[in-house]
Every structure is written in structure tokens, then in C-alpha cells.
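**Student:** One structure, as C-alpha cells, below. Some questions next.
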Amino acid sequence: MSLQPAPASRVFMELVPWADRGRENHPISAAEAQPIGRRPHVAEAHPGAREVHVSGAAEVSASPDRALVTVRVSSTKEVSAEAKKSVCRRLDYITQSLQQQGFQAENVTVTKNIRRVENAYHMEAEVCITFTEFGKMQNICNFLVEKLDSSVVISPPEFYHTPGSVENLRRQACLVAVENAWRKAQEVCDLVGQTLGKPLLIKEEETKDWEGQTDDHQLSRLPGTLTVQQKIKSATIHAASKVFITFEVKGKEKKKKHL
């Protein structure tokens with residue numbers, strides 16, 4: 001599976017501290033006039049601000065949610081009608097077995113092809129089955145192998161992800177990284193007796209995604225020898241994100257004494 005490159009780091013949010021309100025009639029500085037990507041961090045632009053700067057990282061993964069299995073049925077006869085009859089008989093058995101298992105028509109695709117081979121006719125049919133439950137997939141494949149003869153060939157399953165899975169995983173990694181950074185900042189403020197305020201800057205500094213494990217390169221050279229679990233592991237996608245956040249820091253509010 002070819003994954004698209006992740007976008008570059010970008011600033012998600014930058015809020016001006018409350019102390020800067022009321023400056024509408026004052027000229028802005030050269031640093032403030034720069035684009036967001038070139039402006040210094042809030043702590044540098046506002047040296048008097050009370051802030052905490054933290055980073056957060058996260059890595060998430062998702063197993064494939066689809067599997068494609070192809071069942072091929074073929075027959076070669078001197079008469080075309082006999083070749084068709086032989087293939088269609090087994091084809092009907094396969095489709096009926098799938099219907100009994102509750103498969104919807106949109107998850108099953110059937111194609112047929114007949115051609116001349118010297119002085120005979122060769123009929124071939126393919127049944128492409130999309131599975132969402134891998135346990136049911138194994139049971140059905142084992143059942144068809146037991147019930148049908150050697151002229152029926154069942155391909156190994158091909159595991160894949162539905163469209164949009166990689167982008168959804170990238171977003172999830174970023175959100176978890178932000179949550180981890182927020183928890184870190186919260187613990188720091190609790191430790192020093194302060195109150196964590198609103199975020200002033202949220203920036204994703206690094207994001208990446210990949211398929212399979214980094215140590216699976218040897219297994220990928222022999223795809224025909226992989227077990228089902230190894231194939232699922234090899235098709236699993238991963239995403240990592242690293243964020244930088246600046247939070248406002250507030251002092252602990254003192255409780256008023258009631259007379």
C-alpha cells in the first residue's frame with residue numbers, strides 16, 4: 001500500500017494574550033508584523049507573560065479493516081456448452097454458500113470469460129469477495145476448499161484499508177499528542193502551585209506515517225509464506241505526531257474569607 005506523504009508542520013492556533021488588548025491605536029512592532037511562521041514564540045514577543053511551554057508526542061496504529069479473496073473456477077471442454085455448465089454448476093454452489101452466510105451482493109463480484117484453446121473451449125469465472133470479518137473469511141475459505149475439487153483455486157487474502165484511513169489516523173495521532181502535552185502542562189502547574197490557563201500556541205512540529213513494522217522487511221520478501229496474522233501485521237498502518245504548545249499560566253486564586 002502506497003501512503004501519501006504527510007503535510008509539513010504548521011501552526012494550528014496562535015492567540016494574543018489578554019494583556020495586549022487595548023493596543024488598537026498603537027503601532028505594531030516589526031516582530032509582530034512578520035507572518036505567523038516567522039514570528040517568535042509568544043514568550044519572546046511578550047517577555048512579561050506567564051507561560052509554560054511543553055511538547056507532546058503520540059503514536060497510534062490501525063489494523064486493516066478489509067480483506068479481498070478471489071475464487072477462480074475453470075473448465076476446458078471440447079463443447080462450449082459443457083464448459084459453461086461445468087463452471088456455472090460450481091459457481092452457483094459458491095454464490096449460494098455466500099448467501100447462506102449473509103453476504104450482501106455489493107460485497108461479491110462475479111466475472112466470466114470463455115475462449116478457444118486449440119480445439120477446445122476454456123471457461124473461467126472469478127468470484128471476488130470482500131470481507132469485513134476475518135474470522136468468517138477463514139471459515140468460508142476452509143469450507144470451500146473442503147467441498148470443491150482442485151479446479152477451484154482460492155487466492156490468499158489481500159488485506160487493505162478503506163479510503164481515508166491514513167488521514168484519519170494522522171488526525172488521531174495529533175489529537176492524542178495534544179492531549180498528552182496538555183496533561184504534562186497540567187501536572188507541571190499543579191506541582192508548582194499554579195493554574196493552567198488557555199493555550200496561546202499549538203503547533204504540530206512533526207508528523208509521519210508508515211505501513212507494517214520496521215523489522216518486517218525480511219518477511220515482505222516472502223509474501224507467499226506469511227500467515228494470516230503476519231499479513232495483518234504487515235498491512236497495519238501507523239502514524240506519529242509531535243506537537244509544541246504554549247499555555248498561559250495563572251496564579252492560584254485565593255479564597256475570600258466570609259465575615
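Backbone N, Cα and C define each Cβ position, glycine as well.
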**Student:** If Swiss-Prot is the reference, give me the range from 8-28, 29-49, 71-91, 239-259 marked as region 'Required for nuclear localization (NLS)'.
**Tutor:** 239-259
**Student:** Can you dig through Swiss-Prot and tell me which residue of Ser150, Ser234 is labelled phosphoserine?
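**Tutor:** Comparing Ser150, Ser234 with the record, Swiss-Prot tags Ser234 as phosphoserine.
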**Student:** Going by what Swiss-Prot says, which of Ser61, Ser151 is noted as phosphoserine?
**Tutor:** Ser61
**Student:** Among Thr70, Thr227, Thr236, find the residue to which Swiss-Prot assigns the annotation phosphothreonine.
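**Tutor:** Among Thr70, Thr227, Thr236, the one Swiss-Prot marks as phosphothreonine is Thr236.
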**Student:** Swiss-Prot annotates one residue of Ser63, Ser155 as phosphoserine; which residue is it?
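**Tutor:** Checked Swiss-Prot: the phosphoserine annotation sits on Ser63.
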**Student:** Given the modified residues Ser55, Ser234, Thr246, state which is nearest to Ser63 (phosphoserine) when distance is taken between Cα atoms.
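**Tutor:** Looking at Cα distances from Ser63 (phosphoserine), the smallest one goes to Ser234.
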**Student:** Which has the fewest other Cβ atoms within 10 Å: Ser55, Thr236, Thr246, the modified residues listed?
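**Tutor:** Counting other Cβ atoms within 10 Å of each of the modified residues Ser55, Thr236, Thr246 gives the minimum at Ser55.
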**Student:** Distance between Thr246 (phosphothreonine) and Ser234 (phosphoserine) at the Cα atoms, whole Å?
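**Tutor:** Distance (Cα to Cα, whole Å): 38 Å.
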**Student:** Using DSSP and collapsing to three states, where does Ser55 (phosphoserine) fall: helix, strand or coil?
**Tutor:** strand
**Student:** Could you tell me which of these modified residues, Ser61, Ser63, Ser234, Ser241, has the fewest other Cβ atoms within 10 Å of its Cβ?
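**Tutor:** With the modified residues Ser61, Ser63, Ser234, Ser241, fewest surrounding Cβ atoms within 10 Å: Ser63.
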